[in-house]
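**Q** Can you read through this structure? Questions will come right after.
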Amino acid sequence: MAELGELKHMVMSFRVSELQVLLGFAGRNKSGRKHELLAKALHLLKSSCAPSVQMKIKELYRRRFPRKTLGPSDLSLLSLPPGTSPVGSPGPLAPIPPTLLAPGTLLGPKREVDMHPPLPQPVHPDVTMKPLPFYEVYGELIRPTTLASTSSQRFEEAHFTFALTPQQVQQILTSREVLPGAKCDYTIQVQLRFCLCETSCPQEDYFPPNLFVKVNGKLCPLPGYLPPTKNGAEPKRPSRPINITPLARLSATVPNTIVVNWSSEFGRNYSLSVYLVRQLTAGTLLQKLRAKGIRNPDHSRALIKEKLTADPDSEVATTSLRVSLMCPLGKMRLTVPCRALTCAHLQSFDAALYLQMNEKKPTWTCPVCDKKAPYESLIIDGLFMEILSSCSDCDEIQFMEDGSWCPMKPKKEASEVCPPPGYGLDGLQYSPVQGGDPSENKKKVEVIDLTIESSSDEEDLPPTKKHCSVTSAAIPALPGSKGVLTSGHQPSSVLRSPAMGTLGGDFLSSLPLHEYPPAFPLGADIQGLDLFSFLQTESQHYGPSVITSLDEQDALGHFFQYRGTPSHFLGPLAPTLGSSHCSATPAPPPGRVSSIVAPGGALREGHGGPLPSGPSLTGCRSDIISLD
């Protein structure tokens, strides 16, 4: 009961900040006014007074009144009424010394002030910094020292001084390296580190909030802030050592001063230390890792057997295990396979790439399982070293239940390579062949080049007109022949007869062509071009033609967009057509559709024009003007 009364007295002397810390530590609501917080704290003390809560109350009270802690005997004296003596005291009551009274008892309400400054933290606590793999410590310039904070102000300031010995100065100067851009760097550096003031385990680097550092009166650059993880969060700097060598006085006679400013936090203290270190490279760490030796392959085989051992309680059993020989970091073949002792997987990563990545940004995280993989726990796997030396043509292996392995070669699927289809101006035409072997038909391929003809060739060498005799019967299709793919300059079914009449260029140039507008839009560069000027170099020949396909009729229909042809256009052709062609050309066979250009000037049968009544054109066929 005496201890409970002592704890109650301690709680009643707390301020709002101590009450909030106590309630937050116990997981209770810490919002409200002081009397509400005090009632919650007393209820906590009566309901569940756990040992951790009791220790927290005593810790807060020691921080609140660091000089004197009241004991049970002192509390009994304070509980007696004035002028009375305790039981068994023969003499009169002696006055209670002021040091035994709590500061709150000497002052009235609302006059709570700190009568004594808080007890300073130890200057050199037993704080040890966690060693950094890329730095080798040569000397300790400032031992881990507490950044003392007072409750009187928000921002704190501390001053430190250190000096270099002549030997240390010589080491720093001889390690200077000139870098591109008129900069210099030192392999041996003066390193400043911050951490939490905790003695339970080696501490990692940790910056106080709102930190500012001045070395010899010059502001020291600090690592940039990390992006906040959530909105409203206070930005933090990445915790890493600070190189203050460029700002230090490299002299054995002049000391160096450090001024640190930071924001104090309730219940959290920080520590500062300065070291003389030598910076190492990834290659040096790789050599040190090789010097540690290669782990026995039997360890990995035992791990494989353990993973592949069948579980009697499980219905699914793993009989094999595939492992890649490619590094998950660089996607290249492993050269120095390593992994951490804390990793439970067999997959290894390349030690050289892992060290190079941590040299740029020290995270020391396993790329396979994303767990911590510090440099001290890295080992080189001897089993993978044997596999890499004996199997150089595969990138994946498979482990068996007995610890053996076999290479996994990729399956090569035979794929037929199809020739890409030809797109362009050049085309192929298969000529029909009668009978014969089908293999010979495939070999006979005629390649047609559509780009050999140009306007310049036409102007230099005008094409000669070929005249063919008129045949009255249709050409029968060859038996067994395939379809013919036709393109420009292919022999068509239009057969020409010898020239029967000529027509001068002056006649064509005098035709009133403006009466027949084109049925399709023409470009501006073609509208002003005289197309008939190309036809005046040679007189045109006319002859009867036999149209043996409906496609050519449609082509002529698009060529003659007009239906009624003026008599003055085809009038001069009537005598020639009537006298020479009608008697020489026999009538078309039944079922053959032909287009006849009559003197009356109309396309018949195929184009729906009126038929002439004269007997002179019976059985005659029209002449087609050949422009090629």
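Glycine is treated like the rest: Cβ placed from N, Cα and C.
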**Q** Which candidate in LYS230, LYS360, LYS444 appears in Swiss-Prot with the annotation SUMO2 cross-link?
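**A** Cross-referencing LYS230, LYS360, LYS444 with Swiss-Prot, SUMO2 cross-link lands on LYS230.
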**Q** Of LYS288, LYS465, LYS482, which does Swiss-Prot mark as SUMO2 cross-link?
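**A** Swiss-Prot records SUMO2 cross-link at LYS482.
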**Q** To which residue among LYS40, LYS46 does Swiss-Prot attach the annotation SUMO2 cross-link?
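**A** That would be LYS46, per the SUMO2 cross-link annotation in Swiss-Prot.
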**Q** From LYS183, LYS307, LYS331, name the one Swiss-Prot lists as SUMO2 cross-link.
**A** LYS307
**Q** Among LYS292, LYS443, LYS466, find the residue to which Swiss-Prot assigns the annotation SUMO2 cross-link.
**A** LYS466
**Q** Applying a 10 Å Cβ distance cut-off over all chains shown, what neighbour count does LYS46 (SUMO2 cross-link) have?
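**A** The answer is 10.
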**Q** For LYS307 (SUMO2 cross-link), list the number of other Cβ atoms lying within 10 Å of its Cβ atom.
**A** 14
**Q** Long-range neighbours only, meaning 6 or more apart in sequence with Cβ under 8 Å: which ones does CYS366 (Zn(2+) binding site) have?
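**A** Long-range Cβ contacts: ARG339, ALA340, CYS343, PHE349, LYS372, ALA373.
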**Q** Expressed to the nearest Å, what is the distance separating LYS46 (SUMO2 cross-link) and LYS307 (SUMO2 cross-link) at their Cα atoms?
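**A** Here the two Cα atoms lie 54 Å apart.
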**Q** Mean pLDDT, the motif 'LXXLL motif' (19-23)?
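**A** That stretch averages a pLDDT of 86.
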**Q** Out of LYS56, LYS230, which of the recorded sites has the smallest number of neighbouring Cβ atoms within 10 Å?
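**A** Least crowded of the recorded sites LYS56, LYS230, by Cβ count within 10 Å, is LYS230.
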**Q** To the nearest Å, how far is the Cα of LYS56 (SUMO2 cross-link) from the Cα of LYS307 (SUMO2 cross-link)?
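**A** Each residue's Cα considered, LYS56 (SUMO2 cross-link) and LYS307 (SUMO2 cross-link) end up 47 Å apart.
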**Q** Identify all same-chain residues not among CYS343, HIS345, CYS366, CYS369 whose C-beta atom falls within 8 angstroms of the centroid of the Zn(2+) site's C-beta atoms; report them in sequence order.
**A** ARG339, ALA340, THR342, ALA344, GLN347, VAL368, ASP370, LYS371, ALA373
**Q** For the binding-site residues CYS343, CYS369, which one has the sparsest Cβ surroundings, going by other Cβ atoms within 10 Å?
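**A** Least crowded of the binding-site residues CYS343, CYS369, by Cβ count within 10 Å, is CYS369.
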